[in-house]
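A.B. asks: Can you keep this structure in mind? I'll have questions shortly.
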Amino acid sequence: MTAILFIYGLIAAIEWRYTRTGKHNKHSRLLIFGFIALLLLLSELLYLIKLKFQLAEPIIAIFNPLEKLLK
Amino acid sequence: MQTVTQAQLFKLFALHLFSTMIAFMLGIMMQQSGYNGPLGILSGALIGLGMAFFAYRLGMRRPDRFFVEYGKEIVGRWLHTPLVLFIAVANLLIGMINFWELQDFLIQFYLVSTPPWAIAGLCGICIAYTVRFGVNSVFRAAEGIFLFSLLSFLLIPILVSESFNWYIGVGLATHFSPREAWPSAYYTSSVFGEMSFVLFIYPYLMQPHRTFRSMSGSMIVAAALVLLHIVPLLLIFGPELASNLNYPELELLRFMRSGSFLETLDPALIALWLISIFVKLGFIVFIISLILAHLLKLKDTKPFVSPVTAFIAVGSLVIVKSNIQFQNLMTGGLLTLFFASELIPILYYVVDSLQAAWRKKRKGRFN
Amino acid sequence: MKGTSRETQSAPVGACPPTLELTPRLEWFKERLDRCYDAVFHTFTIGRGLPCVLIYFQGMFDYLNAEEHLLMPLLRESSERVDEPAGLFDEHRIPLARTIVIDDPDEAIKQVMMGHGVLLQENEAQMLVLPFVSYETRALEEAPNESVIRGPREAFVESLDTNLTLLRRRIKSPLLKTERLTFGVHTQTSVILAYLEGTCPDRLIREVKRRLANIRIDGVLGSSYLEEIIQDSPYSPFPQLQYTERPDTVSASVLEGRIAILVDNTPMILLAPVTFFMMLQSAEDYYQPFIAASWIRWIRFIFLSTSLLLPSFYIAITTFHPEMIPFNLLISISSSREIVPFPALMEAAMMELAFEALREASVRIPKSIGQAVSIIGALIIGTAAVQAGIVSAAMVIIVSVTGIASFIIPNFDLGLSFRLLRFPMMLLAGMFGIFGIACGIILIYVHLVNLQSFGTPYLAPVTPRAARSLKDTVYRAPWWKMRTLPFMANRTNRLREIANMRAWASSEGADDE
């Protein structure tokens, strides 16, 4: 949990430094950091419910019938 | 802009196809197809190349524009965004399962008590570092290690050739069943079809008209290498034992150590092979970052690389609960998802062709 | 570019009085050179009492030469032709070549500082610069750091003029351009850019000048001052400019379209751009038979990777993957490790550090006791440490082989960066085994792939590939096959030699008949 937060924090710090030196305007910076925040939330969510839900489940549910059909 | 040579494209795709295919997929192939695995791989490779052909044709129509940007002119914004996002998600999943397999394999064989997150973290750092430098970094990295990687993968079958049980070879010749080969072909084509993601990097390519030639070259090299590995596996372990091993290729590597002097060769091979996989994952991360950046109308992919890699690393830790679930995932839908994502360029190609034909017809009527 | 504006600003004395009289101007010069013990103001008269003054620095100006060729004739002449109003600048009367006439007093001060003499005359605004520099320089010696067996023995010295001569003597072409720049507000160090026009790409020359243009510094005492300022990635451990003390190496590089940066008072000449593989070439390669030279190159490649990876492989295998070692070897290694109380990583780090210390000590200590230290260090400490059970014998072998391997790299800086990177590699190997090594390799590899030296990719010609340049990279092609210059050279001017210089071998010899 904390480790994920820490990693994303580190990434955000690095990208912050990068976007300040680069040719990024306020709008693009907002998009970038919004995206990082979104991924952070998703990661934390997936990590929190990892015992109840895995990404594999919906994939199997949707695509397994399709695959059966093709094979 | 045009900085990726066709030789680099060829080398990256060849690495991309054979590195994970040989390391992770051979077990499933033999489970599904047994003696017909080689046949399945050959036909699958051809199907995969066929899928990539449409991507090539589509890309050639606008070789200096990015697909994510012009795609909406073909199918409309509201269909384009979810379709492209779907491709991004498929790539994310490719990244995650490769990460997972990497961790699983390393923990099983080499780093028995190391926590998976440490491995995922280190992999992530390497890949993010590679991709953050941009598209050239990935392709040049592939160019530099291609020869070493190829040689090392060629070396393995030669080194194990002494242990072949030639009588098993009879089975290869007599068990001929396209029906049995089909699952292998299906899986192989879903891997080889990843070449259709070339569509996204068209503006970076030098001499784009030669793209298909490069991809065919990659296909031939990769298919030949995979065959050179699956046949020895069959000849040594037989289909039954081989299909029950999680990572038959790596067992083969370890099996190789029955020799005397070359025992110490396998760490070097593993190291090289790991580097090939990193380069492959680098390409995948680059494609995802490119899609996301262009969807958000940003020119710069750099800031997306590290978060995407981090997400893949975290995702790889939670994508499945157990090895069993992973096997279920691999044989029960994931590859179909990849397949579907690789078919998307064909959809665009068809729609674009129809539109072009329609426009032409209308123009003709006005004349 | 030349940093002159700041120097004049910082002068404590006002401008020179705008007069033609000698005395106030002399006063101004004296004020400028106040408390300079070595400044000499030599006053004399020529013609019919026309006062002159010669200003120079004692020890730097060749006074005897000036006296013999300038002052004596002038004085003699003035005693012969007393009726004529003599002026130094009236006609071409100075019996000397290379004299310069200036009228800027600040420029005159600068000339004096450079060891030239400046001659002032009453009723004359112009001043005569006598460039008779004379100071002690080192004689040409054998290259101490890049010795060869078959090649020439000369090495550069500290004097810029001598160095330039060494270069000019080898490339007798008007296309060899040498442009002079000056750096250092106080040191006024001359820097010469030498390149072969037409072969060296204009883009490279412009880029070097553009990077040098920004430099404002108080002093430049060595070429590395400039190197750090103009290299592409200053935080990279890898050298991005090559340095050499061999005139033949510089000449070869200039012929291949590279640019040489000669800095005054340094025997080390910088060469740009540089690639990774250039630093694995030695001057010797081109003097030895090509088969031997190619073989030596392969040895270098092997030991380059050894110097980076051997200790980490040892750590990884003994810690994580002992099953990879052949059984008999495993027994001997583990029996030697049995008594060692430290983990392999610790042991290796200790030994490597000790080795680094030993190496550094042997460079710094006076030569007379250097041998004692290396013998004590290598033999006594090594043997004693093994016998005392602090390190294993296997580790001593590993560290020694690694040490030897790191000295095989011809370029000292590259060897240094590999020795430095060995430590993080060992740490990764100690934590993650083979996997850690693979990660370390890819990090270093990707870094190298993306590193550039003046726009030239560091790993070229391997990646990005330049197939024609491989002939002098992975092997050394025989001279009759080095048809084209490497990829750095100007695209339009890459042909080095004619195609069939060995045509005589296929045609029948005259005396065969």
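Just so you know, glycine gets a Cβ as well, placed from its N, Cα and C.
Okay, these came from TrEMBL:
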TRANSMEM  B:12-31  transmembrane segment
TRANSMEM  B:37-58  transmembrane segment
TRANSMEM  B:78-100  transmembrane segment
TRANSMEM  B:106-129  transmembrane segment
TRANSMEM  B:141-160  transmembrane segment
TRANSMEM  B:185-205  transmembrane segment
TRANSMEM  B:217-237  transmembrane segment
TRANSMEM  B:270-292  transmembrane segment
TRANSMEM  B:304-324  transmembrane segment
TRANSMEM  B:330-351  transmembrane segment
A.B. asks: Go through B:12-31, B:78-100, B:141-160, B:304-324 and flag the stretch with the largest number of C-beta pairs under 8 Å relative to the transmembrane segment (B:330-351).
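C.D. replies: Checked against B:12-31, B:78-100, B:141-160, B:304-324; highest Cβ contact count belongs to B:78-100.
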A.B. asks: I need to check the long-range neighbours of the transmembrane segment (B:78-100): which residues 6 or more away from its ends have a CB within less than 8 Å of a CB in the stretch?
C.D. replies: 20, 24, 67-68, 71-72, 120, 123, 194, 197, 277, 280-281, 284-285, 287-288, 291-292, 295, 308, 311-313, 315-316, 319-320, 326, 329-330, 334, 337-338, 340-342, 344, 347
A.B. asks: Spell out yes or no: are there three or more C-beta pairs under 8 angstroms between the transmembrane segment (B:106-129) and the transmembrane segment (B:185-205), with each pair 6 or more apart in sequence?
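C.D. replies: Between the transmembrane segment (B:106-129) and the transmembrane segment (B:185-205), contact is absent.
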A.B. asks: At a C-beta cut-off of under 8 Å, are there same-chain residues at least 6 beyond the transmembrane segment (B:12-31) that contact it? List them, or none.
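C.D. replies: Those are 37, 40-41, 98, 101, 105, 138-139, 142-143, 145-146, 149-150, 153, 184, 187-188, 191-192, 194-195, 198, 214-215, 217-219, 221-223, 225-226, 229-230, 233-234, 239, 242-243, 245-250, 273, 276-277, 279-280, 283, 330-331, in sequence order.
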A.B. asks: Answer yes if the transmembrane segment (B:217-237) and the transmembrane segment (B:270-292) have at least three CB pairs under 8 Å among residue pairs 6 or more apart in sequence, and no otherwise.
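C.D. replies: Answer no: the transmembrane segment (B:217-237) and the transmembrane segment (B:270-292) share fewer than 3 Cβ pairs below 8 Å.
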A.B. asks: With the transmembrane segment (B:185-205) as the reference, find which of B:37-58, B:141-160, B:270-292, B:304-324 contributes the most Cβ pairs under 8 Å.
C.D. replies: B:37-58
A.B. asks: Taking contact to mean 3 or more CB pairs closer than 8 A (sequence separation of 6 or more), are the transmembrane segment (B:141-160) and the transmembrane segment (B:37-58) in contact?
C.D. replies: no
A.B. asks: Let me spell it out: take the transmembrane segment (B:37-58), skip the flanking residues so only those 6+ beyond its ends count, and list any with a Cβ under 8 Å from a Cβ in it.
C.D. replies: 26, 29-30, 67, 172, 176, 178, 180-199, 211-212, 215-216, 219, 222-223, 226-227, 230-231, 234, 239, 342-343, 345-346, 348-349, 352
